[in-house]
Each structure stands twice: as C-alpha cells, then as structure tokens.
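Reviewing the structure listed below.
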C-alpha cells in the first residue's frame, strides 16, 4: 500500500498543472495577457521583423544557400518559442555563426542543410529531456571568444568579394584571401561604390543610435531621438530597400552595373519531411548513412554551439531585465524549433544577439512578439519574393559585415593577459584552427582547455614552510592525477633528507579526495613509520559517512561504560582503539574540536589521552606530536628499566 500510494503521488505530480506549466511556459503568462502587452509585442514584432528579413537573406549567402532558405529558417522559431521559451526577449532564427558552421559542414547543399537541422534538433531535444545542459560548461570562455573572433573575421572577409563584385573565389579561407587580393583589378566599379556607400550609411546610423541624448530632454528633442532610434534600428531594411531601388533603376535603363541576387523561389515552402537521401549532379544516390558520415564532427559541434549561443543570450537579457530562465527548457525550445524547421526547408538556427537586443529595447513584454515577426517573414515569402530579385549582393554583404564586426573583441586578449596568461592558449588554438575548419577549431580549443584543467589537477599548489617540522599546505582538492606529484614532494622534502623530517599536511582547502590518493597516503604512512617520523593531517573537512562511523564507535564505548557491559564485541572495541580507525577518521573528517568534546564526555581510557591535548593550530599540533613521540619513548624506557629491576629482585 505505501508503494502504491507513492506511485500514485508521483503520477499526480507529473500530471499536475505546475508540471504542465514548466513544460509549456506560455501557460504562466497567457492568462495575464492584456491590451498593453499586446500593443508592445506587436510594435516589437514589427521592428524585429523588418530587421530579420534582410539579415535572413544575407545569412543564407553565408551558408552558401539560395536566399529564400534564410527566410524559410526565420519564421518557425517565433511560433515554437512562444509556446516553449522562457525568455521574453530571445528571438530564434538564422545567425552568422550558425550559417558559417552550416556551410562548413554541408558546403551549400540545401537538402543536406535541411537534414542537418533535423538531426541537430533531435540532439538538442534529447539533451534537454536528459538534463544534459551542464555539458556546455566544458566549453570555456576563451574558446568561445576565440571562435567568435575567428568566425567574425572569416565571415566578414568572405563578404569582401561581394563588395568588390568578384567571381570564382574559393571558399577555403587562405585561398579566399589570396585570390581576393589577386583579383582586385577585376573589381566591378558599381558594386564597389554601392557596397562602400551601404557600409558608410550603416556605420553612420549605428553611431547615431549609440550616441543618442538623455531622456530628460525637451519634448521635441525626445521625439527626434525616437525618430533617429527607429530609423537606426531599421537601418538594415532601409539600406537593402534603397540599394534595391537603385539597382532596379539602373537595370530598367539597361545598365547592368550591379551584381544582383537574381531569381528566387516564390511562395511558402511545402510542409514535408526532410529528405533522408540526396542525389549528386551525376545521378549518384547518397544514402542517409553516407550523409551522416559526411557531417562528421560538425554533427556534434553545431548543436552545442547553437545551444551555447542561445543560452548565453537568454541569460544576459534575463539578468538585464530581472527575470530568470530555465536552461533545459531553452534547450527544448531550440531543439523543437530545429526539428519543426526541417519540415519547412530550414537550416539550423539559434538565438540572435542583435535581434534579441532590438526586441528588448523596443519594450517587448512576452515571447508573443515572435509571432508578429514570423508573420512578417511569411508575408515576405508570399508576396515580396519577386522584389528580392533586384537586391544587390553588395548591400547584403555590407549588412553582414556590420553585423559581425562587433564580434571581434580585441580587448579580451588584454584582459586574459592580465588575469591569466595560460587562457591565451585555448583562445589562440581555437582562433587559428578555425581558419582551417571551424569545427576543428572548437574541438582543438576544448581539448586545450581540458589539458590545462587536467594539468591543474595533476599539479596542485603546495606551499611548504619550515617550523622545525615541515608544514605543507595544499591549495586544492586531491585527485588521482596528483598522486605522484604529492608523493614526490613529500619524499624529496621529508623522507630523502638526513635526518628524515616529520610533516604536517594542512588540508583546509581539500574538499575532494579519491581512492588512489588514499592508497598512496597509506604507503606514505608506512614509510614515515619505518623512518621513525610522523605524518600528521590537520584541518580536514568533515565527511558525513566517516563522522557517523566515529559517532557509532563512541556510542558503543559509552553504552559499555554506562551499563558496565562486558559482552561487547571485541572486534568493535579493538577497531575503536586501533590506529587504523584513527588514521582513517583523521584523514577523512578530522575536526579537532569535535573529537575533543566527544572524547571528554565518553572516554576515560588513557589510550586516548593524546587526543585531549590536540589543538586546531598547526604549530600546536606539531609540538604535541613531538611531545607524544618523546613520551612514548620514555614510557618504553621506564617499562624496560622496571622489568630489569623486577628480574634482578627475583
């Protein structure tokens, strides 16, 4: 019956409304939705939508896909995140980094990009259901910064060829740099002029937005500030529209001076399962297994980077706007978005920092603003695709360059140099290897961070001081990689000198210890005993299991003395008095004040008298240890002399 009641209670908890709200966060804010929230969400959705459309077109170019695939990837996130997201600010869609990663894995093949979205979504959703978000903690900040800086340089320089109107440039970064400079004489004047003008206009509007005056200005000044902010926020859309009008005008008069996007597929994408096979240009069928094998390490890197980017954005804006997010629920929202997006020909997406910032600054109240953004993208797909024919590639390149330029954070190098120079190693490895292959850069950076982490574990900081007896203060936990290092220090400093010296290990900072260390310390104790010196452990942390064992032994002795019982197991009593127990207890849970209190109350045996004299001070422990050793030697000498006198008397 208790088992059945426990099971029924668990079932009721799983089916409760609070559990349903944790899986569907929309239920927590939808009942409170009002007209004010609706007005602000619509305004924010419109603003973000006008930013999303040109960026989606541009990021499709980065992914090496037709521009309509950027819009296919931009609308599903708004609907799914409204149901499952826990941040009011985050907007999901194509980003520069995910587009670059997608291109590095699929090489601009649309069918494989869509299948990649499905597989990434499945991995992310499974991670969310298994609560594996902690795995992201193993990607350190230097690795992230090295990757983002390298990605910004790669993406930005990759758009220089579109600014110059060059054709036939290889995609590999080193070759791309070489051939871009080699083909500068072939640059098209129209693309160069238009690209530079678009860049200048975007930079000017961005600077105007960041240098707006204070809010206490007069009414007319505040109106002007809001106007400037609105124009600057929609700068991408305005620049693309203006450039398209210019290109259409020149083309109408028969002057084809700009490289334009060209024909795009019109209408909404069909809702169908993603393809599980592909056909090459020569008719060869590529099976699902071969496609997955071709994805290689990218199938692990892309889901992780997507999660990392989106959760970092969500946490940043949650802290800024004073609310909390559920990281695992965010993983689920991104995973479901990528899964459902693959049914509408989308490639992998994640949270966008730029569009999320616009969303937050516009004053969005709930994730419902994403529905308005998605509606604008769908309207663009349905009615505006013919107009995208005249979008100059130079204008899209200018949008991309201005979007990724802030990602090059050169100041972080100086900060890492001041704080910890070793952090520059994973940063440099990630930064440089990402120019070869993006996924290899991330893997290399994580591997280097792991090596540094293991090195710190294998070489813990040990501070040695001499107070007549050596005091070794351990600066961190002890794990098996540190076994040989600690043993080497103790041997060279104490056991291999003449005469051998006693050692006090100050373990105040040690909170973790494993079996390998215990085994090594047991061997060290025997080595110290053979040489007639002592190894003392001071200020160890209390471990619950060892302390409970200690209390059981004391309770046993107390009951024996209270009831004058002599039928207690000799094994338990001998173990209580054995050096093995005290060494084990002192090693695992030595807190001297606890031992003193319990022993004074419950122990009258002279075998424990040395424990009553212990003090928490390291120097006092060493002094008492020496006194105890001398006392034992004198007792042995007196006992021997008394035995000799008895023999002679007899």
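A Cβ is built for glycine as well, from the same backbone N, Cα and C atoms used for every other residue.
TrEMBL entries are annotated by machine, without manual review.
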Of 168-186, 263-281, 396-414, 415-433, the range TrEMBL labels transmembrane segment: 396-414
Among ranges 189-207, 208-226, whichever one TrEMBL labels transmembrane segment: 189-207
Matching range for TrEMBL feature annotation, transmembrane segment, among 7-30, 295-318: 295-318
Segment assigned the feature transmembrane segment in TrEMBL (from 91-108, 145-162): 91-108
Correct range for transmembrane segment (source TrEMBL, candidates 364-384, 469-489): 364-384
Among the ranges 66-84, 91-108, 189-207, 227-250, 295-318, the one whose Cβ pairs under 8 Å to the transmembrane segment (364-384) are most numerous: 66-84
Recorded stretch, among 66-84, 189-207, 396-414, maximising Cβ pairs under 8 Å relative to the transmembrane segment (330-349): 66-84
Interface present between the transmembrane segment (396-414) and the transmembrane segment (227-250) (three or more C-beta pairs under 8 A): yes
Predicted model, mean pLDDT over the domain 'STAS' (468-538): 84
Long-range environment of the transmembrane segment (189-207) - Cβ separation under 8 angstroms, sequence gap at least 6: 162-165, 231-232, 235-236, 239, 243, 246-247, 250, 257-259, 392-395, 397-399, 401-402
The transmembrane segment (91-108) versus listed stretches 42-60, 66-84, 114-134, 295-318, 396-414: most Cβ pairs under 8 Å: 295-318
Candidates 42-60, 66-84, 295-318, 396-414; stretch with most C-beta pairs under 8 Å toward the transmembrane segment (114-134): 295-318
Within-chain partners of the transmembrane segment (66-84) [C-beta distance under 8 Å, separation at least 6 from its ends]: 23-26, 45, 52-53, 55-60, 90-94, 110, 113, 117, 261, 264-265, 269, 329, 332-333, 336-337, 340-341, 344-349, 366-368, 370-375, 377-378, 380-381, 385, 388, 391
